[in-house]
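> In case it's useful when we look at the structure, here is the feature table from TrEMBL:
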type     : residues  : note
DOMAIN   : B:453-566 : domain 'STAS'
TRANSMEM : B:21-41   : transmembrane segment
TRANSMEM : B:61-86   : transmembrane segment
TRANSMEM : B:98-121  : transmembrane segment
TRANSMEM : B:133-155 : transmembrane segment
TRANSMEM : B:167-196 : transmembrane segment
TRANSMEM : B:216-235 : transmembrane segment
TRANSMEM : B:242-261 : transmembrane segment
TRANSMEM : B:273-293 : transmembrane segment
TRANSMEM : B:305-323 : transmembrane segment
TRANSMEM : B:343-365 : transmembrane segment
TRANSMEM : B:372-392 : transmembrane segment
TRANSMEM : B:398-429 : transmembrane segment
């Protein structure tokens with residue numbers, strides 16, 4: 001590992017030129033415009049003051065530009081991680097309290113440390129245990145929860161909780177307190193955002209606006225909606241009419257600070273931080289890899305862990321909260337032509353400028369505008385098609401999606417995703433503990449052996465060939481013993497049993513003991529046990545034990561050779577018997 | 001399922017005759033003599049009054065005789081389960097208190113219910129997850145803990161705790177309080193027991209005692225030692241000299257009672273009850289199966305769960321504590337000729353008689369005698385050879401044994417065994433998440449394909465054959481993608497890639513999506529993707545998805561056929577190109 005692999009900036013920095021700079025600056029401008037409303041809104045979703053979202057979009061982007069390997073990934077606050085932050089922090093501090101913000105900072109610090117550690121120790125494979133069905137179910141459920149949580153913001157009523165039952169319950173309980181001024185702002189904002197997303201581009205085209213500026217105007221749409229509703233708020237004095245507005249905001253850029261250590265809080269946040277780290281990493285790496293593949297670039301997953309970890313540590317130092325690579329934002333960054341991670345650093349400068357500009361005036365912004373922004377952003381996350389696909393393909397995958405989805409909706413993000421991961425691992429263990437096995441015979445005209453139940457094959461009544469379709473390990477060792485003994489009992493007149501091991505990828509000590517027991521019991525019955533097509537790594541291991549010395553039969557390179565050599569021996573035995 | 005499979009007694013009961021009766025009675029007599037001192041001692045180990053051990057050896061044996069399937073298994077208190085009981089119950093009540101006994105009864109009731117439920121729902125496979133290395137490490141560690149816990153009894157000092165650090169600490173702390181009268185009784189008892197086990201038989205033989213009576217006398221040895229030390233206690237008035245004696249014991253047989261429900265206690269005991277159930281079942285079923293194999297009998301594991309569950313429910317009703325099949329005792333029962341489970345019922349009658357006879361006189365029995373009995377019994381459990389075997393065979397298996405052993409010694413039985421099970425599952429998941437894969441070529445003169453690195457094989461530079469040695473599932477889906485793409489990048493000039501799927505026993509939805517991504521990326525590079533030797537169950541599933549329709553290559557029955565058909569197509573393409 002060279003220094004360059006830990007600091008990718010040393011690599012692309014040397015090749016940086018004017019053309020790359022121009023591309024990066026254009027992309028940074030567009031992403032900045034998109035990121036401003038999202039930062040404000042996601043901070044609200046996380047239960048934090050809106051300026052925290054802006055803070056989380058400055059230093060983390062610079063850190064990722066130094067340590068990250070993706071040229072297109074746009075780091076910052078994202079919806080799902082904001083919901084997870086609210087859920088984790090909400091358990092240890094009341095929203096709006098000083099402790100709440102401090103806990104969010106600590107969560108970012110812990111998540112950053114964990115991600116960096118996972119990167120340095122090359123533990124990125126842990127993320128593979130979040131299977132695609134589980135993550136799909138989780139994201140869809142999170143999208144639904146987030147959208148529901150913002151309904152209160154649109155109606156001007158308070159909601160509570162980070163799972164469906166509590167959220168829906170609190171909406172119903174407070175439904176009488178609807179503030180119609182808020183509803184007006186919210187519905188107008190939602191309608192405008194929807195119209196901007198769906199129709200504005202066609203509309204501008206019709207008026208002859210060229211494609212480049214048209215795209216920029218569409219991307220700036222949410223900022224325009226914010227400006228519009230702020231003006232509305234001032235003109236109509238909405239704050240005095242009971243419309244929730246952002247209120248006084250500390251001016252200027254955040255002070256840098258090292259998070260305060262409180263081991264009680266660290267203990268409570270450790271598990272949520274781990275889950276947030278893994279979910280954030282999985283979300284981020286899949287966007288990064290999809291975009292990299294389009295440009296034939298390579299992403300180094302372990303270095304990505306370091307990059308995201310550095311971003312979260314920067315978020316902690318810079319007064320933010322947990323961040324990761326966002327899907328929609330990265331696609332925009334990519335489309336806008338971002339050529340290096342420097343685009344992210346330029347975005348950071350843009351957000352820093354906006355922070356200086358915005359903090360003095362944010363006070364009048366109706367929160368309903370931010371709720372509308374969130375609802376529109378997360379509805380793209382909701383995708384039930386995975387349920388249909390999984391159902392068609394396998395009940396086990398469907399169960400994993402369904403458990404994650406229902407678990408997350410009903411019990412919240414941490415429990416939901418843990419249930420999903422647990423269920424998918426249990427399903428895998430259960431399946432491998434009761435493996436498929438087939439008695440096989442020769443496909444005529446070939447040297448290939450297949451299941452007697454599925455193919456027309458030739459078998460020898462004195463030789464039983466069994467193919468076990470699984471690695472042999474503790475969970476299925478007893479299964480194997482029962483299988484072989486039952487098959488032998490059902491086939492009297494056997495002289496040899498051959499285990500075709502082409503699908504046996506490992507044999508652990510428990511399974512080795514089972515094989516020894518099988519060999520012993522077959523020997524008692526006068527039947528020889530052979531193995532065929534044992535793979536190199538498995539054979540290496542068997543040679544370290546006594547097993548091969550006690551084996552009554554042999555180990556054959558191919559199953560066909562096993563059958564030929566056993567038949568040959570039986571012919572020789574029969575000839576010898578006839579001669580005497 | 002017929003009634004007979006749930007009540008095996010209906011089966012063997014019909015064939016019961018005088019000869020079977022005689023065999024069963026002889027075996028019952030010998031087991032009774034052996035069980036009396038063990039019952040008393042193991043109850044002490046469990047922290048319970050000695051008579052509870054006798055109670056646990058009456059009704060449970062009758063229940064097992066009705067529901068069990070093993071003709072040789074001798075059910076009752078055993079060392080490891082007694083230690084686990086002490087550990088579980090000790091956490092919620094003080095030893096000697098009324099609550100302690102009630103909690104032990106509740107533990108037996110919970111364990112009984114769990115075992116019966118596992119049997120009825122055919123969940124016996126759960127026990128497979130206690131791998132042999134884990135159970136070996138656990139039993140050895142338990143043996144060491146039990147022996148250490150009884151050192152206090154031999155020295156006449158109080159000890160505390162159910163794990164090594166606390167036990168050794170409390171022995172050292174109280175070492176000054178040694179009672180030398182107790183040491184005398186303990187050392188004599190230990191010496192006598194050892195002598196009886198090692199030399200008495202040879203000695204009796206020399207004096208011309210026939211083998212049958214000699215065996216009986218040896219088996220009766222521990223009872224004789226109890227009688228001897230009781231006499232010593234009375235004559236020397238040891239109780240007055242500070243020697244711990246059993247003390248007043250309620251006379252007669254236990255009152256039958258339904259355990260009292262206390263949900264707080266049930267909640268605390270649920271997990272220990274589950275662990276005790278599984279450990280007890282694994283211990284019991286392995287003895288039962290070993291002995292059954294010698295007589296070519298069959299054990300039904302699911303019905304065994306019901307049998308052991310009934311025994312534990314009976315223990316709860318009859319004032320006992322958790323029981324299971326004991327190893328040494330069952331071997332004795334088998335050797336003595338027990339022909340049906342009725343031998344257990346006769347043993348129960350014997351213990352009931354002994355209870356009536358003993359309870360009035362037990363008060364004077366020095367506890368040191370029982371400690372000596374326990375130490376001698378558990379030292380046979382300690383076996384470090386598994387460490388050596390596991391080390392030689394595989395580091396992963398060694399890690400599982402070592403973690404279980406050290407974890408149990410240092411942190412106690414429940415944590416130790418949970419760590420062991422967790423470690424062995426994690427190792428399995430880790431290995432299957434980074435599977436072995438090989439580029440394969442044709443073994444000349446055959447139709448068999450093997451690893452190019454291990455065998456002399458023939459390959460075609462235009463066709464890459466990769467064999468993946470693992471089921472494809474979420475944890476290794478990304479690994480597969482990287483592997484194929486990297487291999488293709490390293491081999492320019494490829495026209496076809498064939499995945500040899502002989503070792504792929506399942507493809508889940510995540511892996512299917514990876515395969516789709518691989519096919520797509522190969523297609524971009526103008527390379528076709530083929531599969532060969534896809535197993536029936538895997539093919540069934542692939543046919544439910546779109547994958548096969550999008551596949552640029554084909555699925556071939558055997559790898560050899562794949563190679564022939566691809567070469568054929570390439571020749572035809574070349575001829576066509578030459579002709580134009």
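Every residue, even glycine, has its Cβ placed from backbone N, Cα and C.
All TrEMBL annotations are machine predictions without curation.
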> Mean pLDDT over the domain 'STAS' (B:453-566): what is the value?
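Here the mean pLDDT over the domain 'STAS' (B:453-566) amounts to 90.
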> Give the one range among B:21-41, B:98-121, B:273-293 whose Cβ atoms make the most pairs under 8 Å with those of the transmembrane segment (B:343-365).
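Ranked by Cβ pairs under 8 Å, first place goes to B:21-41.
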> Are the transmembrane segment (B:216-235) and the transmembrane segment (B:21-41) close enough to be called in contact, which here means at least 3 C-beta pairs under 8 A that are separated by 6 or more residues?
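They do touch: at least three Cβ pairs between the two stretches lie under 8 Å.
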> Near the transmembrane segment (B:372-392), which residues from the same chain, at least 6 beyond its ends, have a CB less than 8 A from one of its CBs?
37-38, 40-42, 44-45, 79-80, 133, 136-137, 139-140, 142-144, 146-147, 150-151, 153-154, 186, 189-190, 193-194, 197, 222, 225, 328, 398, 400-402, 405
> Do any residues, 6 or more residues outside the transmembrane segment (B:167-196), come within under 8 Å Cβ-to-Cβ of it, and if so which ones?
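Residues 145, 148-149, 151-161, 218, 221-222, 224-225, 228-229, 232-233, 236, 238, 241-244, 366, 368-369, 371-373, 375-376.
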> Quickly jot the same-chain residues contacting the transmembrane segment (B:61-86) by Cβ under 8 Å, restricted to those at least six beyond its ends, or write none.
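For the transmembrane segment (B:61-86), the list is 6-9, 12, 31, 35, 38-39, 42-43, 45-48, 53, 104, 107, 138-139, 142-143, 145-146, 149, 162, 272, 275-276, 279-280, 283-284, 287-288, 291-292, 295, 297-300, 303-304, 306-311, 313-314, 320-327, 329-330, 332-334, 338-345, 347-348, 351, 374, 377-378, 381, 413-414.
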> Against the transmembrane segment (B:133-155), which of these stretches has the most C-beta pairs under 8 Å: B:21-41, B:242-261, B:305-323, B:398-429?
B:398-429
> Tell me if the transmembrane segment (B:398-429) touches the transmembrane segment (B:273-293). I count contact as 3 or more CB pairs below 8 A, with pairs 6 or more residues apart.
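By the criterion, they touch.
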> Taking a Cβ cut-off under 8 Å, which residues six or more beyond the ends of the transmembrane segment (B:305-323) line up next to it in the same chain?
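Here the qualifying positions are 6, 8, 43, 46, 48, 52-53, 55-64, 66-70, 75-78, 81-82, 84-85, 104-109, 111-120, 123-124, 254-259, 273, 276-277, 280-281, 284.
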